[in-house]
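Notes follow the structure.
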């Protein structure tokens, strides 16, 4: 009887009950920017937007990139903010006297004056200037000494607009912003070998990167499973190594991606990962790969053979072509996850190592020492951390990409040796079951400082990349797997730790969840198939 009474008491008090309220879990903000600007002052006063009474005026330099950006963002504001779905008579009704008693209403945005104070650069580049100043008022002003800062400022300007509660008009609050990125390298790696990703989806990815102010598209274009790069010098590589003749990237495809990225201030860094992850190369050129043995029998092909001249001749000629097609100065040569046991099993390589008194890791170092000089003379190199770990002599300009466990000690070791690095260890998007908050708090400079208290090391951390490996993603789900999880990485790299010092185990402030809801809906309206960020909710199309 006592137990029954306690049960009724618990029910009456709501003990153990989960109360669910109607509506979205985190209602979206209105006109908040992602990634968060460095300095932002927003007033309660607001203005309305009428596309037919709005102009853009250029005060400074002009170029094709700027003209394209103005056209692109004018279209986004006019057509991708939800306003175009309202009936014209509803908008007229709202404009006819609805603001007469609203003390915060200050008229309409009439003009955006853009002042680019220096000539445009041809291509985005490492450590490019992306700072800008934006003042939103009746006559708004955007200024920057760089075309890339203007592009970032236009993105921010477009994000400040929001629908009124009755959805009959587009509004924007009077706002002042001074903004710049904390990290110069803010990247997304996309693997197009495990599953082929169409050019149209790559372009959509570049759009989404621009919406998140990311500036490096790391194109992991080939790997063990397939070789979709269609070489003119070595057509057999894709003819025999691609999944299908329809699943290749031609020279024209690559040029289209590069130009599309250029307009959005995004660098395109190609990766041809050698000497491992090269099994698809062997369909056309098996002689450049190592035969792997088990009990004196060949069981398959492994990494590139580092002892054969033909290996380096193929790489030299291919790299020359690739670098002609990709104008980016940096080139990712890979160097990760080399199957050293295959080299160890091969009788000819064992004989070579005995003759030259080399260990297997030293054979890896020998390969990289021979392969890196095959790149163009003005190249800068990016390698995975194993190349550094194997003590390969590297120039101080080489970027080390840290991706494995024990990443804090690895970063400290790399930085102490005088190298610069990009960080990826906690930002692997292929981790099934992870959500965007799991990627939000990691600030690589903060992690280094927490264990060293040495500020002089921090400038060597130039940025980071979210990595979308392709085993479980293809054209049908790649966008929803990348976004909005990569948006968390984007804010960390642009804004750094603007919310104060935090750890992985802190609860995120609720404003971040609300802002993420708005940003995800914003991306969806602009054509990005982002997945719902945080539980129940909705987006206005």
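Glycine is no exception: its Cβ is also placed from the backbone N, Cα and C atoms.
Given the ranges 33-56, 57-80, 81-104, 105-128, the record in TrEMBL names 81-104 as region 'Disordered'. Taking the Cβ of residue 342 (disulfide bond) as reference, residues of its chain lying under 8 Å away and at least six apart in sequence are, in sequence order, 290, 292, 302, 303. Residue density at residue 539 (disulfide bond): 17 other Cβ atoms are found within 10 A of its Cβ, drawing on all protein chains shown. Assigned with DSSP, the residues of the domain 'Beta-hexosaminidase eukaryotic type N-terminal' (33-160) fall into helix, strand and coil as follows: 43 helix, 36 strand, 49 coil. Here the Cα atom of residue 120 (disulfide bond) is found 37 Å from that of residue 539 (disulfide bond).
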